[in-house]
Amino acid sequence: MESGAENQQSGDAAVTEAESQQMTVQAQPQIATLAQVSMPAAHATSSAPTVTLVQLPNGQTVQVHGVIQAAQPSVIQSPQVQTVQISTIAESEDSQESVDSVTDSQKRREILSRRPSYRKILNDLSSDAPGVPRIEEEKSEEETSAPAITTVTVPTPIYQTSSGQYIAITQGGAIQLANNGTDGVQGLQTLTMTNAAATQPGTTILQYAQTTDGQQILVPSNQVVVQAASGDVQTYQIRTAPTSTIAPGVVMASSPALPTQPAEEAARKREVRLMKNREAARECRRKKKEYVKCLENRVAVLENQNKTLIEELKALKDLYCHKSD
């Protein structure tokens, strides 16, 4: 671009100089004659202007630059136009559609290959095995998993009377007595008590206490009858602490309650399974009947086609025999 600007400036200067020289030549009284015109090819280039030699009548030689300039390259450049190929998008869509069609055809072939043939269905119908597998009865949760029963060992409470005797009440209702001065094992005396059922609050519960000699004594439930080794019978009253005074570290354990109606739940589930089996068997029989009817219709059509073909064959044979005769 800088070289083009310089060429344009030199051309303008040459035109100005030529115009001034022409005006000078016209001012002379005599018209100048063209004596010699030389255009040296060796020095002429695309960038240098053409030089003309003009000889005046007085013998003076003047160099005149040519007015016609060679075509210079244009400084203005044409903007570049960017073309976008839309065919590539169309090709990508076509390729995607072709891939989808190939995938659909593969899936269709797989589905057709998985369909059972008429021979296989006919064999299934002729066999005695049921077409629909029966739903096996599941074992109820009550039968499979038995409830876990936790055994909790409760420590035996021991009471000491004012006379120094120890009283231990076991779970079975037996009362063991031991004196303070005797051995714990040899001095034990057992009283068997039969507990009565709980009644309304405010009533006194009586229970039998059996001594070592076989005698039975009727005493209230909150009293203990103790017979000493000497034969004296003493009565002690047991006071139970209220539930609110239980120590915070005591844990009350209770066994889990068994299900109240396991048999009814199992029977209901069994009825539901049997009903589902009956519905499945009914549907299977209906489908078998429809398929057999379809096969019978197809057999009838094939028999008619076979009869028609046999008749056409006979007609062709008769026609061939007549032509041969």
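Cβ atoms here come from the backbone N, Cα and C positions, even for glycine.
Noted in Swiss-Prot for the protein shown:
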type: COMPBIAS; residues: 1-11; note: compositional bias 'Polar residues'
type: REGION; residues: 1-27; note: region 'Disordered'
type: COMPBIAS; residues: 18-27; note: compositional bias 'Polar residues'
type: DOMAIN; residues: 85-144; note: domain 'KID'
type: REGION; residues: 92-111; note: region 'Disordered'
type: MOD_RES; residues: SER117; note: phosphoserine
type: CROSSLNK; residues: LYS120; note: SUMO2 cross-link
type: REGION; residues: 124-146; note: region 'Disordered'
type: MOD_RES; residues: SER126; note: phosphoserine
type: MOD_RES; residues: SER255; note: phosphoserine
type: DOMAIN; residues: 267-325; note: domain 'bZIP'
type: REGION; residues: 268-293; note: region 'Basic motif'
type: CROSSLNK; residues: LYS269; note: SUMO1 cross-link
type: CROSSLNK; residues: LYS288; note: SUMO1 cross-link
type: SITE; residues: ARG298; note: site 'Required for binding TORCs'
Exercise. Note the mean pLDDT of the domain 'bZIP' (267-325), expressed as a whole number.
Key: 93
Exercise. Taking only the Cα atoms, work out how far LYS269 (SUMO1 cross-link) lies from ARG298 (site 'Required for binding TORCs'), in Å, as a whole number.
Key: 44
Quiz item: Around LYS288 (SUMO1 cross-link), how many other C-beta atoms are within 10 angstroms of its C-beta?
Solution: 14
Quiz item: Ranked by the number of other Cβ atoms within 10 Å of their own Cβ, which of the recorded sites LYS120, LYS269 ranks first?
Solution: LYS269
Self-check item: Rounded Cα-Cα span from ARG298 (site 'Required for binding TORCs') to LYS120 (SUMO2 cross-link), Å
Solution: 16
Self-check item: Pairwise Cα distance for ARG298 (site 'Required for binding TORCs')/LYS288 (SUMO1 cross-link) [Å, integer]
Solution: 15
